[in-house]
Amino acid sequence: MCGIVGVVSQAPVNQLIYDALLLLQHRGQDAAGIVTQQGRKFFMHKAKGMVRDVFRTRNMRALPGNVGLGQVRYPTAGNAFSEEEAQPFYVNAPFGLVMVHNGNLTNAQGLKQELFQTDHRHINTESDSEVLLNVLAHELEKSTRGASLKPADVFAAVRGVHRRIKGSYAVIALIAGHGLLAFRDPFGIRPLCIGRNADGSRMVASESVTLEGNGFELERDVAPGEAVFINLDGQASFEQCADRVSHNPCIFEYVYLARPDSVLDGISVYQARLNMGKTLAKRLVSTVPPSEIDVVIPIPESSRPSAMELAQILGLPYREGFVKNRYVGRTFIMPGQGVRKKSVRQKLNVIASEFKGRNVLLVDDSIVRGTTSKEIVQMARDAGARKVYMASAAPPVRYPNVYGIDMPTAQELVAHDRTVEQVRELIGCDALIYQDVDAMKQAIAALNPKLAGFDASCFDGVYVTGDITPEIIARMNQGRDQTEEGQEDSSRLALPNAQTA
Ligand SMILES: O=P(O)(O)OC[C@H]1O[C@H](OP(=O)(O)OP(=O)(O)O)[C@H](O)[C@@H]1O
Ligand SMILES: NC(=O)CC[C@H](N)C(=O)O
Ligand SMILES: [Mg+2]
């Protein structure tokens, strides 16, 4: 999950795209990039780091033009430490194309061979997004008849792209001198929405908060399989470009990835988290009687709405027991387990008085590798808590994610091949309560009955694209490098006796 944005305006867009990327920063903290277009020329700046560090005044001045796009990257393919793989990506033919991508292709390795052998195209990085751009470029070359490019040619190219690529993709591209193209995979796994502001400018972005925060009104979500082409005057054409579509957004967006003030595919992320808190409360009472809990404490940030609702339903006090250092980024999306572990302690500190002599229920949105839970349970005990119960608003994360969340292997997931009791022992809490998979799906689906379902593969092992095998997962992980040179990356928490279910 990266954050992507594109704008077509009649005024300079560099600052607007910068501001939009700041509103998407929670989706990717490893690299950032912006491209603008003036006349037929692209201007690009991209580098590793957070938005505020990547763009200095001189870089901003060198991004002229009324059309542009940007990305914040959270690597899920290739090398997390490579500056080369920062987005946007550029190819010079046909017309000149730049592109940003949120998602993950599941057939990138095969396509790379095909692009080389059949299309005679060279891919210079391990990024699946560079593969995607070259497929788009090839299809656009094929579909363009005559010198000028029409929306119908662009849509024909997207049809060709849908036929060739597999996996998840929300894409925004600029075609030099022509306009902005955006499209979404036929399952609508990764989010993408479109809006307009008072002067007629259009913005396409991963999350509605990006539009709202910049004075744009959300028009609607881009539909699964649909493409939008916006010409340089701001006129938009829409076309369904996939033969078969089924709307199954990634449920982890609602659990953790997206901002609570966003509405994705008609569902308020905040309301989804409240609903999950409600169902978690129901489940909790069968394990720990509320009378044994003195206080409910959220693990900042993402768990707050669920924890608050759970406390309300159970009639328990809701208190802040951990203070988050706002200058440390989100730990789950950091590359490498070493840095993630160190960051939890740097990021969260206890307010000891909330723990001393109390039975506390800690609530997190999800437990993935267990890095956060293990640390904070210990911190709660060190602060004098009598009993430490732990609840997760999401079910156990047991299966790898192949659609753009960085959980590439089952082995690194604390709940993979382990019973809840074994995870409890590992994390070190007195009781561990997880959400139920169906209850979570129902709690969120109730907010938009039109959806076909969700991709909840990391919880239930069912991959919505229907074509994922262990061999494909292994293949996707070839060429992935999440460690800096020579650094060990032992992601999995281990029980002292290395016991598994
Ligand atoms: O089990 P783990 O592997 O530790 O991953 C799960 C934790 O990571 C996330 O927090 P993060 O710090 O990334 O972001 P947040 O501040 O939005 O909660 C998530 O909210 C959990 O707290
Ligand atoms: N999280 C994402 O959307 C990542 C996009 C792309 N797969 C990359 O690794 O750069
Ligand atoms: Mg968290």
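Glycine is no exception: its Cβ is also placed from the backbone N, Cα and C atoms.
These numbers come from a predicted model, not from an experiment.
If you look up TrEMBL, you'll see 2-233 marked as domain 'Glutamine amidotransferase type-2'.
Marked as active site, nucleophile by TrEMBL: Cys2. For the recorded site, Cys2 (active site, nucleophile), the DSSP three-state label reads coil.
DSSP classifies Ser302 (Mg(2+) binding site) as coil under the three-state reduction. There are 24 other CB atoms within 10 A of the CB of Ser302 (Mg(2+) binding site), with all protein chains counted. TrEMBL lists Ser302, Asp364, Asp365 with the feature Mg(2+) binding site.
Per TrEMBL, region 'Disordered' is recorded for 478-501.
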Cβ neighbour count (10 Å, all chains) around Cys2 (active site, nucleophile) is 27
Out of Asp364, Asp365, which of the binding-site residues has the smallest number of neighbouring Cβ atoms within 10 Å? Asp364
Near the Mg(2+) site, what residues other than Ser302, Asp364, Asp365 in the same chain have a C-beta no further than 8 Å from the centroid of the listed C-beta atoms? Val255, Tyr256, Pro298, Ile299, Glu301, Ser303, Ser306, Val363, Ser366, Ser392, Ala393, Ala394
Average pLDDT across the domain 'Glutamine amidotransferase type-2' (2-233), rounded to a whole number: 96
Given Ser302, Asp364, Asp365 as the binding-site residues, which ones have a Cβ positioned under 6 Å from some atom of ligand 2? none
